[in-house]
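What follows is one structure encoded as structure tokens, with my remarks underneath.
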Amino acid sequence: MATIAVALTGNPNTGKSTIFNELTGARQKIGNWPGVTVDKKVGYARHQDRAISIVDLPGTYSINARSPEEKIVIDYLMNNKLDLVMDVVDSSNIERNLFLTVQLLEKGIPLLIDLNMADDAERRGIKIDCRKLEDALGMPVVQTVGRSSKSARKLLDIFTSTVMSNYEPSQLVKDHIIKVQEIEASGKTESEKQEEIIEARYALIDTVIAQAVTMSNVGQTKSEKIDRFLANGVLALPIFLAIMYGVFMITFEWIGQPIADALDSLINEDFLDFATDALTDAGVAEWLVSLVCDGIIGGVGAVLTFVPLIFVLFFCLSFLDGTGYMARIAFIMDPIMRRCGLTGKGIMPLMMGFGCGVPAIMGARALDSEKDRMVSILVTPFLTCGAKLPIMALFAAMFFPDNAANVVFAMYISGVIMAIIAAKGLGSSIFKDKGSTFLLELPPYRMPDMKSVLLETWDKGKGYLVKAGTIIFAASVLLWVLSNYNFDGPCEIDESILAVLGGWMSNLFVFHGFATWESGAALLSGIMAKETVVATIGVLYGAADVSTEAADAVESAGQMMQTGMATSFTALSALAFMVFSQLYTPCVTALGTIKKEAGGWKWMAFSAVYMFVIAWVVSLLVYQIGRLLGF
Amino acid sequence: MTLKEGKTGMTLKIKQIDDSSLKERLMTMGLTPGTKVKVLRAAPLGDPIAISVRSYNLALRRADAENVTVEQVG
Amino acid sequence: MATFIVAAVLAVALFFALRHIYRNFHEGKSDCCGASECSGSCCGCHSVPEKK
């Protein structure tokens with residue numbers, strides 16, 4: 001028998017993706033819709049010996065074909081032969097959700113209406129009579145509770161049945177369609193017609209609701225009670241900071257760091273010793289032992305050590321994202337963003353910037369105005385992305401062992417503040433045009449679906465592992481070669497090509513307190529990928545002889561790095577170095593994305609140069625002011 | 001009055017939405033004439049505001065709310 | 001002999017790493033969000049539509 005083709009449609013925040021994940025599990029393929037860069041998600045399921053393919057259409061509020069997403073939904077539904085279209089409706093928000101339903105019915109698309117989160121709605125005092133709703137619309141209705149395998153089985157049962165063939169639109173819907181056609185045919189202006197049609201749709205919805213839904217007003221919902229603290233007045237901002245601080249404590253103090261420390265001693269002591277002995281015993285040439293141990297294990301190992309931190313941080317951010325708190329952050333940050341000439345919505349791509357600048361820069365596309373977009377693209381790289389995290393964590397652990405988490409948190413905040421200042425600066429100089437708008441649904445708080453959170457954490461964290469195995473691996477080999485050879489052949493490390501390059505670079509930092517060729521080389525290599533800064537430090541200081549007398553330096557950071565590093569930096573110059581790495585020129589991948597998104601080499605070059613200059617100045621200020629203050 | 005002047009706790013009935021670039025989006029989101037909305041709260045410094053409309057919550061700026069003419073009903 | 005084997009293994013690994021980097025560069029992809037796919041409500045990894 002042929003595969004059953006199913007499409008899922010619905011508003012954003014209806015739990016549609018959760019249902020999709022529940023239905024298809026890991027059997028998903030993600031591609032692109034032709035012509036646009038919106039994800040096309042297709043999943044597969046088998047039920048009662050039937051193969052089912054399910055397409056998860058983008059979540060939209062309407063299908064006016066104004067945005068690419070809306071266009072995708074309507075094009076896909078109109079041009080494909082589908083066995084079943086399921087419209088996922090959030091039961092507790094049924095009125096506005098039905099708007100899309102009505103629009104789809106107007107197009108003559110038969111729908112299976114899925115009243116999702118039926119349990120939520122019931123708790124809020126919204127009772128929906130499925131039979132009456134079926135009668136009112138003429139379409140089959142099913143109730144689900146989001147993430148439950150029972151719901152998934154129920155849906156699969158329906159998908160494999162022939163239920164759709166028995167339904168046709170109710171008289172109510174047919175009358176509505178005629179009314180819409182009359183409005184279309186009238187001689188009014190386009191906007192008048194649109195207005196009347198929208199009103200007609202809501203009039204139909206009101207009739208349907210009156211027939212099928214009873215709302216006993218239960219007063220405040222749980223979300224509203226929470227919002228009285230999290231999204232109300234000036235108090236919301238310190239709470240936001242406290243929540244973010246909590247995330248950092250979890251990552252850098254309570255959970256992430258202890259695991260990272262354990263991994264560190266495993267890689268940089270046990271495994272390194274084992275590898276060195278094994279290779280030497282096997283009779284491998286000395287230079288190759290050095291390449292593997294000092295170069296690759298030193299470089300890649302230094303980066304891998306931070307994998308636990310990355311995963312814990314990504315888990316926390318994905319979790320927050322799943323609760324619905326992100327929309328509140330946009331809401332409470334809008335006053336600040338607006339004063340910078342931006343929109344609160346811009347905070348969402350910025351928050352992604354804590355993960356990686358690349359998707360954050362791409363995420364700026366969702367913003368409404370050209371100005372919002374450009375400014376957001378140009379300021380996002382100031383934030384501490386996952387790849388800068390190891391730099392911060394390493395230096396904080398080495399030079400501020402008692403305050404590591406606080407110092408890292410301060411670095412993150414400084415990145416945000418710098419981004420806001422830069423946004424203000426860019427907004428009032430280069431991009432002077434009209435302001436922006438802000439219209440955003442505040443979805444109810446929900447306990448995130450753990451399966452989705454874990455999937456997301458893994459997907460984001462996996463990239464870090466892939467990078468460690470590819471670009472960091474290659475960079476480590478290159479760095480080892482550059483640091484062990486010059487044009488005359490093998491040489492001492494401080495006569496190597498890398499020392500020359502780093503020395504040249506370090507001339508820029510004479511007044512910053514870290515004018516060593518090692519830090520110059522580290523920063524230079526950081527342009528490839530920010531993790532490389534740590535990899536370089538691993539290779540360089542790892543290659544230096546570890547003398548026992550400096551063993552008292554720090555316990556938490558890599559044993560290998562202690563000696564050389566501890567003497568190259570003071571606490572203050574380490575801080576200046578952290579500030580510089582935080583703010584300077586983004587990595588090549590981010591630069592490439594900027595070129596693509598901002599449209600041209602000009603913006604890419606601008607971004608590379610202006611960020612370098614700002615980093616140079618701010619870092620200089622930190623060091624010199626710190627010195628004046630006597631640190 | 002307009003929605004812009006809405007204070008926390010007010011229940012308002014929409015009378016009319018003036019033409020603006022946002023009009024169709026506002027109406028699609030359920031702000032149609034005759035609909036009751038409740039002002040729930042304001043962000044720090046009083047703007048934007050969160051309103052409850054058709055049993056969900058929507059945030060918008062006061063500058064955009066100015067285009068929505070309302071009357072107070074509670 | 002051992003030197004040769006280890007060097008060969010490294011060379012192959014390096015080849016695959018460089019090929020991966022080259023392909024990413026060529027296709028304009030990034031590893032940040034996982035090599036190619038991203039499920040769930042993964043914000044930012046799936047690109048967002050262009051507003052025109």
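Keep in mind that glycine also has a Cβ here, set from the backbone N, Cα and C atoms.
Taken from TrEMBL as is:
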DOMAIN    A:3-165  domain 'FeoB-type G'
BINDING   A:GLY10, A:ASN11, A:PRO12, A:ASN13, A:THR14, A:GLY15, A:LYS16, A:SER17  GTP 1 binding site
BINDING   A:ASN21, A:THR24, A:GLY25  Mg(2+) binding site
BINDING   A:GLY35, A:VAL36, A:THR37, A:VAL38, A:ASP39  GTP 2 binding site
BINDING   A:ASP56, A:LEU57, A:PRO58, A:GLY59  GTP 3 binding site
BINDING   A:ASN116, A:MET117, A:ALA118, A:ASP119  GTP 4 binding site
TRANSMEM  A:229-252  transmembrane segment
TRANSMEM  A:296-320  transmembrane segment
TRANSMEM  A:341-362  transmembrane segment
TRANSMEM  A:374-400  transmembrane segment
TRANSMEM  A:407-431  transmembrane segment
TRANSMEM  A:464-485  transmembrane segment
TRANSMEM  A:497-515  transmembrane segment
TRANSMEM  A:565-584  transmembrane segment
TRANSMEM  A:604-623  transmembrane segment
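In sequence order, A:ALA7, A:LEU8, A:THR9, A:ILE72, A:VAL73, A:TYR76, A:LEU77 make up the list of same-chain residues 6 or more apart from A:LEU57 (GTP 3 binding site) whose Cβ falls under 8 Å from its Cβ. Under 8 angstroms separates no C-beta among the binding-site residues A:LEU57, A:ASN116, A:ASP119 from a C-beta of chain B. Using a cut-off of 8 Å between Cβ atoms, the transmembrane segment (A:464-485) and the transmembrane segment (A:497-515) share at least three residue pairs, counting only pairs 6 or more apart in sequence.
Surrounding the centroid of the Cβ atoms of A:ASP56, A:LEU57, A:PRO58, A:GLY59, where the record places GTP 3, the chain contributes additional residues within 8 Å, namely A:LEU8, A:THR9, A:GLY10, A:LYS16, A:SER17, A:LYS41, A:THR60, A:GLU69, A:VAL73. When the binding-site residues A:ASP56, A:ASP119 are compared by the number of other CB atoms within 10 angstroms of each CB, A:ASP119 has the fewest. Apart from A:GLY10, A:ASN11, A:PRO12, A:ASN13, A:THR14, A:GLY15, A:LYS16, A:SER17, the GTP 1 site neighbourhood in this chain, defined by C-beta within 8 angstroms of the site C-beta centre, holds A:GLY59, A:VAL88, A:ASP90, A:ASN116. Only pairs six or more apart in sequence are counted, and the transmembrane segment (A:296-320) with the transmembrane segment (A:407-431) gives fewer than three Cβ pairs under 8 Å, not enough to call it a contact. Summarising model confidence by region, the domain 'FeoB-type G' (A:3-165) averages a pLDDT of 87. Highest Cβ pair count under 8 Å relative to the transmembrane segment (A:407-431), across stretches A:341-362, A:374-400, A:565-584: A:374-400. Non-local neighbours of the transmembrane segment (A:565-584) in the same chain are 382, 384, 388, 391-392, 395-396, 398-400, 407, 411, 414-415, 418, 509, 512-514, 516, 518-519, 523, 526, 530, 533, 537, 541, 550, 553-554, 611-612, 614-616, 618-620, 622-623, 626-627, 631; each lies 6+ residues outside the stretch with a CB under 8 Å from one of its CB atoms. Packing against the transmembrane segment (A:229-252) from elsewhere in the chain are residues 309, 312-313, 316-317, 320, 325, 328-329, 331-333, 393, 396, 404-405, 408-409, 412, 442: each is 6 or more residues past its ends and has a CB under 8 Å from a CB in it. For the binding-site residues shown (A:ASN13, A:ASN116), fewest C-beta neighbours within 10 angstroms: A:ASN13. Following the DSSP three-state reduction, the secondary structure of A:ALA118 (GTP 4 binding site) is helix. Counting only residues at least six positions away in the same chain, the Cβ atoms of A:GLY43, A:TYR44, A:ALA45, A:ILE54 sit under 8 Å from the Cβ of A:THR24 (Mg(2+) binding site).
If you take the CA of A:PRO58 (GTP 3 binding site) and look 10 A around it, the binding-site residues you hit from A:GLY10, A:ASN11, A:ASN13, A:THR14, A:MET117 are A:GLY10, A:ASN11.
No contact links the transmembrane segment (A:604-623) to the transmembrane segment (A:341-362), because fewer than 3 Cβ pairs that are 6 or more residues apart lie under 8 A.
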